[in-house]
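These features come from Swiss-Prot:
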ACT_SITE  137  active site, proton donor/acceptor
ACT_SITE  165  active site, schiff-base intermediate with substrate
BINDING   49, 207  pyruvate binding site
SITE      48  site 'Part of a proton relay during catalysis'
SITE      111  site 'Part of a proton relay during catalysis'
């Protein structure tokens, strides 16, 4: 694991927006400072949780640039650069490299349902076009296409394809990769509820929704798992369990943006087709936050 450069709790950071849906860059900068202070080990910007499908190309560039500048080398910045167009994924990855991002996160192409060979050729083309460490991102619940472990292992032979975010929640699948992939190929959980199990099997970190709300506790859980301190890791995860589950009570990032807004860190702005968290879930999420020891800045 020492050969993996980026490890630990990597927040899949939300994108703050004003009520009219415009980007709130001031809050975005403050949010990055908050994560640095709270011990987050890396910032993943403009991913699923960052509402990448509804930001335009210029905004996508601006968010990457702002994240890199605000982080200022204090923590690694991983730029979401995935697209279902290989050309677009290449363009975004080139921008991320030139902006100074430490790595890119490239989602499995969605909607057009490529074959396994198509997935291999897509990611290889991106890797050959731009020399930035590339992390694959498999989330078949959203993309429909599902990259098989054998395809991942083929891609792991390409020097600048350095890891995968596996959001399937399938621990057996993750362990299979840990057993067969090169030692310097990072396996990140993309499923908060099962992340601890993968970490204890040798996983390298978690790209986390929960870390938006409980960054310090997520960091502590990872550190304990890496140290083999099962009791401490389980104790941290026990406090986080309801958050892991209830942050998906409606489609991500609806609940997490509401929760971060209750902490006073951002406003509640979303872009259609996402809509605000249903009122009936507010108390459920407040209770989950309370179990994790999170203070609410906004009173009921």
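We number each residue from 1, going along the chain as drawn.
Yeah, the Cβs are placed from backbone N, Cα and C, and that goes for glycine too.
Note that this is a predicted model, so its numbers are computed, not measured.
Swiss-Prot feature annotations superimposed on the structure.
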residue : record                                               : Cβ within 10 Å
48      : site 'Part of a proton relay during catalysis'       : 25
49      : pyruvate binding site                                : 24
111     : site 'Part of a proton relay during catalysis'       : 9
137     : active site, proton donor/acceptor                   : 27
165     : active site, schiff-base intermediate with substrate : 27
207     : pyruvate binding site                                : 28
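Across the fold, the C-alpha of residue 207 (pyruvate binding site) and the C-alpha of residue 111 (site 'Part of a proton relay during catalysis') stand 23 Å from each other. A strand conformation is recorded for residue 137 (active site, proton donor/acceptor) in the three-state DSSP classification. Residue 111 (site 'Part of a proton relay during catalysis') falls outside any helix or strand according to DSSP and counts as coil.
For the pair residue 49 (pyruvate binding site) and residue 111 (site 'Part of a proton relay during catalysis'), the C-alpha distance works out to 19 angstrom.
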